[in-house]
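Lifted from TrEMBL, the feature list:
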TRANSMEM  51-72  transmembrane segment
TRANSMEM  119-140  transmembrane segment
BINDING   HIS137, HIS282, HIS286  Zn(2+) binding site
TRANSMEM  146-167  transmembrane segment
TRANSMEM  179-204  transmembrane segment
TRANSMEM  216-234  transmembrane segment
TRANSMEM  246-264  transmembrane segment
TRANSMEM  284-306  transmembrane segment
Amino acid sequence: MELKNDKLMKYNSLPEYLKDNEYILDHYRPEWPLRQTILSIFSIHNETLNIWTHLIGFFFFLILAILTAAMIPRDIHAFTITRIEELIIPLNTTTTNPYVLMSTMISPILKRPITRFPFFTFLFGAMFCLLTSSLCHLLISHSEKIAYIMLRLDYIGIASLIITSFYTQVFYSFICFPFFFNLYMSFITVFGAATIVISLLPIFQTALFRNVRAMLFFSMGVSGVVPIMHKVIVFGDRPEAMLSAWYELLMGVFYGLGVIIYAARVPERWIPGSFDLVGHSHQLFHLLVLAGAYTHYLAGLVYLSWRDVEGC
Ligand SMILES: [Zn+2]
């Protein structure tokens with residue numbers, strides 16, 4: 001069935017707010033009614049693969065989070081009377097002093113496994129980023145007002161991914177060093193909050209600020225190098241610290257390459273119009289974000305195994 005007002009258009013016919021990439025010449029959906037815009041998730045246009053790469057990525061991370069929660073040993077949030085009894089009976093202890101019990105039996109067990117909270121915060125940050133990105137690509141062309149809201153949601157999603165990645169790394173690396181723990185945590189919280197606030201300013205969404213926008217997020221990501229280097233210097237003799245650092249280096253390569261391709265708008269810059277549907281820079285950027293986030297997930301697993309064994 002042919003829907004009304006669902007004709008694809010060329011770049012030159014677009015309203016000004018949708019002119020973002022002059023090297024993608026055709027297959028735009030400018031200002032379709034909301035129903036057609038939503039249903040366009042199932043049709044072919046120049047945003048189809050942008051929507052689906054991150055929507056599939058969202059479900060991939062959702063499944064990953066569920067499998068991870070099911071397969072890795074749980075952390076212990078609190079102990080109960082039942083648990084204390086379970087601990088006491090096999091040891092056949094005669095002491096009833098709760099502090100002695102705590103220090104001799106319960107404390108060492110409470111130390112491991114390490115809390116999973118920061119790791120799952122990262123998985124949540126990744127899922128939030130992927131879902132808001134997918135939603136943004138689906139709805140952005142509906143109207144100027146929706147585009148305004150969606151772009152901001154997209155920026156918040158990207159910032160969430162970077163901030164939660166940073167939190168995971170700093171938490172497990174510096175859990176035993178309160179000064180640096182607090183220093184790095186405060187830094188990324190302030191930087192992340194500032195990036196979100198700045199990216200909410202209207203001027204930030206114009207094509208003119210494409211590179212500024214990319215650089216701000218890039219700098220926030222790059223600042224993660226400092227605690228990673230610090231970790232390598234302090235824990236260089238721990239295989240898990242080194243393995244997680246290699247994963248983080250690979251993650252940096254994926255994200256860095258993604259940002260460069262995003263800002264350079266290649267390959268469509270070289271042959272405008274040839275990559276409208278498949279292969280343009282934003283699709284490559286999306287795939288590299290997925291690769292980077294997955295690499296960070298692998299680093300997260302290494303952190304858990306490190307701290308489960310070593311504690312603090
Ligand atoms: Zn995107």
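In case you wondered, yes, glycine gets a Cβ from its N, Cα and C as well.
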Contact set, same chain, for the transmembrane segment (179-204): CB under 8 Å, 6 or more residues outside the stretch: 148, 152, 155-156, 159, 162-163, 166-167, 170-171, 212-213, 216-217, 220, 223-224, 226-227, 230
What number of additional C-beta atoms lies within 10 angstroms of the C-beta atom of HIS137 (Zn(2+) binding site)? 24
Any contact between the transmembrane segment (51-72) and the transmembrane segment (284-306), i.e. 3 or more CB pairs below 8 Å with pairs at least 6 residues apart? yes
Between the transmembrane segment (216-234) and the transmembrane segment (284-306), are there three or more CB pairs that fall under 8 A, provided the residues in each pair are separated by 6 or more in sequence? no
Cβ-Cβ under 8 Å with the transmembrane segment (146-167): same-chain residues at least 6 beyond its ends: 17-18, 118, 121-122, 124-126, 128-133, 135-136, 139-140, 184-185, 188-189, 192, 195-196, 199-200, 202, 204-205, 213, 217, 220-221, 223-224, 227, 251, 289, 293, 296
Can you check which residues sit near HIS282 (Zn(2+) binding site), meaning Cβ under 8 Å from its Cβ, same chain, 6 or more apart in sequence, and list them in order? ASN21, ASN50, TYR262
